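Please read the structure below before turning to the comments.
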Amino acid sequence: MPCARWCCDLRRPCAWFNVTLFRNNLIRFWPIWALYGILWFLLLPVGVLNGHSGGWLFWSSAYVYNPKAPHIFLVSAIRAGVFLNPIFGILAAMAVFSYLCNARACGMMHALPIRREGLFLTNYLSGLCFFLLPILVVALLTLAAQLYVAGTAGLTSLFLWAWCQALMCLFFFSLGSFCAMLTGHLLALPAFYGGLNLLALGLFGLYQQTASRLLFGYVTAPAAARWVEWLTPILCYSRSLGCSGSPDYRLTGLLSVFVYGFVGVLLAVGALLLYRRRALESAGDIVVLPWLRPVFRWCISLFAAVYLGSFLQDVLFPERGDAALLLGCCLAAGALGYFIAEMLLRKSFRVLRRSWRGCIGFLGLFVLAFEMLALDVGGYETWVPAPETVASLTIQTSSLAPYDDAGAQGEIPVSDLAAGTALHQSIVDQRNELEYAPLVYLWDTVSRNGSLLDVETQNTCYLSLSYTLKDGSTLRRTYDIPVNAALLSTPDSPAARLDALINTPDQMEAVYFRGYREGDTLAGAYLSAPAAEDGRSFGSGELETLYQAVRADLAAGRLGRHYLLEDLERMETCYYNDLTFTFYPTAPRKGQLHRQDASYTITITLQTTATETLQVLSELGATDGLVLKADSLY
């Protein structure tokens, strides 16, 4: 004998879909789909009609509509959906599922002769039509505008625009619908929506915030950042979806559109499954699923502990960066976050008696995780690659004097790899002194030839080490290295090792001429002067002699020295004058269409130790305008 529910379902008219409710949603919430359509109308049809003649545009597009290439404008317009669709996706979900947040409305809707599945499908499809119908209308109007302007239309690009917007709307509206099944409070719905959109980014930022304060030399792994980008929809869309630019103007990022469109279907199915088991009496609750409430507590507590705790330390103790103080601030903020989450769940301020055990449990696990990270259980801080395992090493520093084309360094030669890893090891060995060392910048005034001169006596140099290992993996660390005269005179100090590494002749040659290729044509040379009119250009007969003298001084270590301190030695060794060589490559470089567009320059600051270069300049009568850096300051 059939069950009573089965018989009841048979008697229900349109138990799986209700046309009246569908039509009522479209009429009742017309401002949402109308505003969505109006914005796209101003973006596309109006943009086509006015943009081709340089008229008014609703948005400042980088690509004005060109009737001969309509796809450029349409493809560039796709990206606007990255900003519109997330906003209207949550608005539509809040509208069609708002009855779930009111006990009377919820009871009334579920008293109708419609199955729960029918209620969900009717509301979901009506909300989806808030987007699909305006997209269809705008596409037809854009097609008509294109035909009116030029008699032709970019059908493929127009289809791509409509398809991408539909899939993005499917994802964001499905995510909003899924969030509506997690909460019974209308104001909490956008918070859940934003939280799930940015959950991966928030958790990753949480780890970064903690690791950057506890792990010496910590740098974000590029592979982890790519995963976070894919797990953060808005970030993924904004970075991948767009136009490739000249010359072909192709649409980029279609993979993310299809992937998230498929995820949107899964979210819709998940929302339906949650809706079938939803307790009607949960209307008004912040979290309606019992198993989700502990997750809610711990997420709020964790984010409060790390972000609010770090903020408290920076505000209350800006001069102290030790781990114990950070832990204390994080525990206080975490406890506050836990009790706030409990108040939201229980709708009461009287939560201390019931919640203190759970709070202690959370704080205990937080201390355990914090200490594991602080003690560097995984050996992150102490890992220094062996020289024989390194394929390449690139160093980047603060801009070093003299500020020419070698002022920020670059990839070091293979012959200096051992010196590079030795520098890294010396930093690791002194990490206890360097980790919490304050950033100090000190200057002093000295007398020179009866005049006063400001010189630097201490600073902090930024250093980045980027390894590519022979197995294909990468490693990167960043440090702040204290620099003063005493440290520079101590051979084993990180400052002295860095000074020696960046000033090897091979390193100077590699950094200055990193863009040079064998066979590139030397086209010109210019010697600057304090007064622009005193600068000197050299003729074709003088170029090669001057260039070879510079290369000889670089190879001998007489030119190209860079200084970690703006001290008196730097001022009395470096001239104000720069020597700039202009080259044309033998073939166009990547991204440039013509050889004549690919010229590049190499700028080298002259120094008193560059004997061969100075001799050539003297023979050419170009030394009268040379001025030492120390003299140019008077």
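We number each residue from 1, going along the chain as drawn.
Every residue, even glycine, has its Cβ placed from backbone N, Cα and C.
What TrEMBL records for 33-52 (among others) is transmembrane segment.
Annotated transmembrane segment per TrEMBL: 72-100 (among others), in sequence order.
Sequence-distant contacts of the transmembrane segment (121-148) (same chain, six or more residues past either end, CB-CB distance under 8 Å): 16-18, 21-22, 25-26, 29, 32-34, 36-37, 40-41, 44-45, 48-49, 67, 70, 74, 85, 88, 92-93, 95-97, 114, 154-155, 158, 161-162, 165-166, 169-170, 173, 177, 268, 271-272. Taken from TrEMBL, the feature transmembrane segment applies to 121-148 (among others).
Long-range neighbours of the transmembrane segment (160-179) within the same chain, counting only residues 6 or more positions beyond its ends whose Cβ lies under 8 Å from a Cβ of the stretch, are 40, 44, 74-75, 77-78, 81-82, 85-86, 88-90, 92-94, 97, 124, 127-128, 130-132, 135-136, 139, 189, 192-193, 196-197, 233, 237, 241, 251, 254, 257-258, 260-261, 263-265, 267-268, 270-271, 274. The transmembrane segment annotation in TrEMBL covers 160-179 (among others).
Look at TrEMBL and you will find 186-207 (among others) tagged as transmembrane segment.
Same-chain residues lying 6 or more positions outside the transmembrane segment (254-275) and placing a CB less than 8 Å from one of its CB atoms are 116-117, 119-121, 124, 163-164, 167-168, 170-175, 177-178, 180-182, 230, 233, 236-237, 240-241, 289. Residues or ranges marked as transmembrane segment in TrEMBL: 254-275 (among others).
The transmembrane segment annotation in TrEMBL covers 295-312 (among others). Residues 195, 202, 206, 209-210, 213, 286-287, 326, 329-338, 340-342, 345, 358-359, 362, 366 of the same chain lie 6+ residues outside the transmembrane segment (295-312) yet bring a C-beta within less than 8 angstroms of a C-beta in it.
The feature transmembrane segment is assigned by TrEMBL to 324-344 (among others). With a cut-off of 8 Å between Cβ atoms, the residues of this chain six or more beyond the transmembrane segment (324-344) that come close are 213-214, 286, 296-297, 300-310, 312-313, 316-317, 351-352, 354-355, 358-359, 362-363, 366-367, 370, 374.
Only residues 6 or more beyond the boundaries of the transmembrane segment (356-375), in the same chain, are considered here, and those with a CB under 8 A from a CB of the stretch are 210-211, 214-215, 297-298, 301-302, 305, 323, 327, 330-331, 334-335, 338-339, 342. Annotated transmembrane segment per TrEMBL: 356-375 (among others), in sequence order.
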Same-chain residues near the transmembrane segment (186-207), Cβ under 8 Å, at least 6 residues beyond its ends: 86, 90, 93-94, 98, 101, 175-176, 178-180, 224-225, 227-228, 231-235, 286, 299, 302-303, 306-307
Contacting positions for the transmembrane segment (72-100) when only residues 6+ beyond its ends and CB under 8 Å are counted: 25, 28-29, 32-33, 35-36, 39-40, 43-44, 47-48, 51, 59, 61-66, 106, 108-109, 123-124, 126-127, 130-131, 142, 154, 157-158, 160-161, 164-165, 168-169, 171-173, 175-177, 179-180, 184, 186, 189-190, 193, 197, 233-234, 237-238, 241-243, 249-251, 278, 283
